[in-house]
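Remarks on the structure that follows.
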Amino acid sequence: MAAPEAWRARSCWFCEVAAATTMEATSREAAPAKSSASGPNAPPALFELCGRAVSAHMGVLESGVWALPGPILQSILPLLNIYYLERIEETALKKGLSTQAIWRRLWDELMKTRPSSLESVTCWRAKFMEAFFSHVLRGTIDVSSDRRLCDQRFSPLLHSSRHVRQLTICNMLQGATELVAEPNRRVLETLASSLHTLKFRHLLFSDVAAQQSLRQLLHQLIHHGAVSQVSLYSWPVPESALFILILTMSAGFWQPGPGGPPCRLCGEASRGRAPSRDEGSLLLGSRRPRRDAAERCAAALMASRRKSEAKQMPRAAPATRVTRRSTQESLTAGGTDLKRELHPPATSHEAPGTKRSPSAPAATSSASSSTSSYKRAPASSAPQPKPLKRFKRAAGKKGARTRQGPGAESEDLYDFVFIVAGEKEDGEEMEIGEVACGALDGSDPSCLGLPALEASQRFRSISTLELFTVPLSTEAALTLCHLLSSWVSLESLTLSYNGLGSNIFRLLDSLRALSGQAGCRLRALHLSDLFSPLPILELTRAIVRALPLLRVLSIRVDHPSQRDNPGVPGNAGPPSHIIGDEEIPENCLEQLEMGFPRGAQPAPLLCSVLKASGSLQQLSLDSATFASPQDFGLVLQTLKEYNLALKRLSFHDMNLADCQSEVLFLLQNLTLQEITFSFCRLFEKRPAQFLPEMVAAMKGNSTLKGLRLPGNRLGNAGLLALADVFSEDSSSSLCQLDISSNCIKPDGLLEFAKRLERWGRGAFGHLRLFQNWLDQDAVTAREAIRRLRATCHVVSDSWDSSQAFADYVSTM
């Protein structure tokens, strides 16, 4: 009887508190109470009024509310604001109560957006609080507009920050300045421990102050925090200074900006102990580099970039772009001769004794040893029909820009992250591609490194880097490649539509250098682009040779290689060490996905990759075309002989109408567990003869678990033929079937369901029916799906079959 007595005591306490708080409420709160009490639903309105009164005084009553019995607490939960609702979560769970429905309703009412159908929301509280944090940070939500969001006792940013797992920074770096402000120190400290993914979308040009704030933010979140992934999306015209800032900070480099406050965490960490050398010490290079050559080549690269920008945007306002430190100021230590070459005395604004800023990490010898071969390839980031222009040193250029004023940034990432090259005699002309990659007629190899990072520090770096639709200039590509060569903590790299062009060769060299580093963790590479200077299979071979420890490789090229047109001027081909004919060594690939451009692919090249990938478990070929069915058969035979661990095989957008014997060969493979033929025109020829052969092969295969046949014009006849796979005399263990986009009508689906019922095989897993002609007879379709759900899990949609008119006409 103790429990009921406690419940009654708590209930009486709640009523007493509610009555007292109601009497103490203001007239504004009391007026609605009278009107509510007089209505036909007086008891619920009164209880709700009491609950609102308790919610309004939670600062005093919180501990008592937490101790309320479960039924009463369950009625109060929807009346709490988001701050107390979040705080009471643990107590509610102990009482067997869930707040997920409340958070979902808050999402629908306040966020007014529908989550993606591909997103599986496991915790609506975390999702709401994360979105709420972003809206408050950007100023896109007014917390005073709704009582559920407004409470003077709580800071919206601080209270929601611990739920933020990913943060998106957009446009003009909105939110970066607010987060690093002193009043939000606790917010930033909380983010440093909770945030895992940092995303940048649609970035625009930013000023120096915004970049300085971003520098501090990245330092706190990456170097002293838990951020492990940085992703950049949709940046059509990347600002070089900002892009290189994000890259270098992600790689673990830190150098405070001019006039910026010192890092408190760095001071605490370094107090009482000597600095240690971590895995990044390989980047620091020699303590006495040849600065003259480095500075000379860096100055030439930067001068060329300024000249190119001036031509492209002659009317751009100076205030809208981040000014660069003057070349003369950044190269003070290079000597007076170099000063005179780069700037006339009239343009010098450097104070005596200015210290030269440190420079970027030195490339490893394996990366720099082959850079001389780049003279054969253009350095542009996209296909160039014209040869690159040549330029002279900037001596005597009156338009050279310098940094002026006390607010100018004297320490810039440009000062210590750039590729350097060997030495050239004064007065000689240099191509920008040769300067950028250091191909200077085989000069001293020691000149191919970078100046040491004497004043910069190395901290923890991210493990996942993603660049989506971010065009990379030569300068940006060189910076990325140089950082990659020693980025041993990197585990996954995604480069999607970045316009690499011939810079892909530098990327391969940097990946080869990274693979040679002790402790290299790179295991996943995703590469896609419109064009490639190498055919996709040669590029795949080069990547596999450069990264033998890679586990996941996804590569896609939309258009044929330039090498397919040898008549293009300047198309001299890749360096010989990139496309060597030597046999590919054994690698660790487990997953290989390839998207091919139009044109027949040489089967022997693909077979050579497959033979070296004995651990391959998943293979996906998209839009692959072979010269003949025999070539396709050669690939399948290679899979059977050399890839014994292969479990999943996928073909998409391939014409396999003439490869029916090869398809049967696959279906008889007793090692494959899942096969996908997506839009492969399987039943375009001889369907009456091929379908029985296909069903017979599947009935004898006891290892195949999943078969996906979307977009193959199966039709009702083909579906009914497939039903025989589940007959009583079948040894098939198929449990997943995808027959989407196959011109299936309701009557055929109903007959398919009846046959499954008749054979009584029981539930066989999942059946996918997207985009079929089920709307032609809605009643029959519902009956068919009802019957099917007794034997399997059905996933369908309401699709307008009139969209398939063209497909229907093509089958007439």
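Positions of Cβ are set from backbone N, Cα and C atoms, glycine also.
Annotated features in Swiss-Prot:
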MOD_RES   Ser155  phosphoserine
MOD_RES   Ser276  phosphoserine
MOD_RES   Ser326  phosphoserine
MOD_RES   Thr327  phosphothreonine
MOD_RES   Ser357  phosphoserine
MOD_RES   Ser373  phosphoserine
REGION    267-408  region 'Disordered'
REPEAT    518-530  repeat 'LRR 2'
REPEAT    636-659  repeat 'LRR 5'
REPEAT    731-752  repeat 'LRR 7'
Tally of residues which DSSP labels helix, strand or coil - the repeat 'LRR 5' (636-659): 7 helix, 5 strand, 12 coil
DSSP three-state assignment for Ser155 (phosphoserine): coil
Confidence summary (mean pLDDT) of the repeat 'LRR 5' (636-659): 95
Three-state composition of the repeat 'LRR 7' (731-752), taking helix and strand from DSSP: 7 helix, 3 strand, 12 coil
Ser155 (phosphoserine), number of other Cβ atoms within 10 Å: 16
Secondary structure content of the repeat 'LRR 2' (518-530), with strand meaning DSSP E or B: 0 helix, 6 strand, 7 coil
